[in-house]
Amino acid sequence: MFMAVSIVCDDYFLPSLEIISESLGLSQDVAGATFMAAGSSAPELVTAFLGVFVTKGDIGVSTILGSAIYNLLGICAACGLLSSVVSRLSCWPLFRDCLAYAISAAAVLAMIFDSKIYWYEGASLLLIYGLYILVLCFDIKINQYIMKKFSPCCTCFAKAMEENTEQQQLIGWKEECEPLICRQSRTDSGIFHDESDYSQLSISLHGLDEISEDPPSVFTIPEADLKRILWVLSLPIITLLYLTTPDCRRQFWKNWFVVTFFMSAVWISAFTYVLVWMVTIVGDTLAIPETVMGLTLLAAGTSIPDTVASVLVARKGKGDMAMSNIVGSNVFDMLCLGVPWFIKTAFIDTSAPVEVNSSGLTYTAISLICSIIFIFLAVHLNGWKLDKKLGAICLVMYLAFAILSILYELGIIGNNPVKVCGG
């Protein structure tokens, strides 16, 4: 299932995302925080609906709040350690997404504090997400205003201003004949920051339309031995995806990118469901406490699409897109809880609110706030680079958070009754 998610992301989901970004003129970070976050977080949306309408429990809340720490620190660690390219990060996208995440987390925690969710609370979550999308629509203008306002007192904004002028000099000479590049470029985009990405710039300047060669067929046997073994093992998955999802990397299917995007999200949800199911069976067999599973294996399991997608874009040197997906998918996860809550309280069962369990809320709130502050400070102190050093720091911090959480849930720290999977 892990291989299946990887194949969907690499061959279908990310190529469709690139075409959507190109068509709408989105920058790396905005694409990462919107379409990429929504697509790779499809399993969490499905979980939230299951929790409200099918199991009638708080599975959605616990999964989303439980995986929030992993999403921030665990995925950031994976991007840093598994990517050979050092990506430059920009100040504004990370600040914008961290602020949106802090607001959405505070909103969810305030709503579930009394263990009851009313229709207006579900609607307010959707309103917050609408405002976040609105901010992303006017992202360039807001970014330029904030950079001008705060550059004298903040070094990272001043540095971004300098890089912006260098970037304008770099692409200014192509302004008349390449309007697309100028429209897509932005003051904080990571495209021009890294030497490895000058090849992307040269491709862009020579015209994207000239490159019309189709990639090799998915049925082409790889030459390396290990890749060949993996290819044979994943052949049923490759065939299934080939028959059900149009490959928008090919000229024939290029205009079907919207279908590719939605089908990729459907398959990502299906594979993640089976993956989490298998992880639960392993936990039940080994008699691992339910809470420990929720904080470690299940949290990582539901976030595998986010992990795979973020690592793949980080390897291409698109650090802003990876970081915006990490934080943006958390914003989407938090606020997607509002959709099933609002539907249930406003249209299906209008008389009673949705009941959720709010125990252990204080610890969750503190750990969420700490992780947001930590990730921002870690990136700042690391010189706004996504590299192996940042990855190692995030991994150590994630392990510390996970160990503390497990000790708390097992009753070693504090007083908590222990539940075992299946018990």
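Including glycine, each Cβ sits where the backbone N, Cα and C put it.
What TrEMBL says about a protein is an automatic prediction, not a curated fact.
If you look up TrEMBL, you'll see 1-137 (among others) marked as domain 'Sodium/calcium exchanger membrane region'.
The transmembrane segment annotation in TrEMBL covers 59-82 (among others).
Residues or ranges marked as transmembrane segment by TrEMBL: 94-113 (among others). Within the chain, the transmembrane segment (94-113) has long-range Cβ neighbours (under 8 A, six or more residues past its boundaries) at 29, 33, 61, 65, 68, 121, 124-125, 128-129, 132, 135, 139, 323-324, 327-328, 330-331, 334-335, 337, 356, 358, 361, 364-365, 368-369, 372, 375-376, 379.
According to TrEMBL, the transmembrane segment annotation covers 119-140 (among others).
Here TrEMBL flags 256-280 (among others) as transmembrane segment.
Feature annotation from TrEMBL assigns domain 'Sodium/calcium exchanger membrane region' to 257-406 (among others).
Here TrEMBL flags 292-314 (among others) as transmembrane segment. Counting same-chain residues at least six beyond the ends of the transmembrane segment (292-314), those with a Cβ under 8 angstroms from any Cβ of the stretch are 2, 5-6, 8-10, 13-14, 32, 36, 39-44, 47, 62-63, 66-67, 69-71, 74-75, 78-80, 82-83, 85, 87, 268, 272, 275-276, 279-280, 282-283, 321-322, 325-326, 329, 386, 402, 405-406, 409-410, 421.
Marked as transmembrane segment by TrEMBL: 326-343 (among others).
The transmembrane segment annotation in TrEMBL covers 363-383 (among others). Listed as Cβ neighbours of the transmembrane segment (363-383) (distance under 8 Å, sequence separation of 6 or more from its ends, same chain) are residues 65, 68-69, 72-73, 76, 89, 94-95, 98, 101-102, 105, 109, 156, 323, 327, 389-390, 393-394, 397, 401, 405, 408.
Packing against the transmembrane segment (390-408) from elsewhere in the chain are residues 69-70, 73-74, 76-82, 291-292, 295-296, 360, 363, 367, 370-371, 374-375, 378-379, 382, 414, 416: each is 6 or more residues past its ends and has a CB under 8 Å from a CB in it. Sequence annotations record features per position, and here TrEMBL assigns transmembrane segment to 390-408 (among others).
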When the domain 'Sodium/calcium exchanger membrane region' (257-406) is classified with DSSP, how many of its residues are helical, how many are strand and how many are coil?
122 helix, 5 strand, 23 coil
Distal contacts, the transmembrane segment (256-280) - CB-CB under 8 A, six or more residues away:
1-2, 4-5, 8-9, 12-13, 15-17, 19-20, 23, 35, 38-40, 42-43, 45-46, 241, 244-248, 293, 297-298, 301-302, 304-305, 421
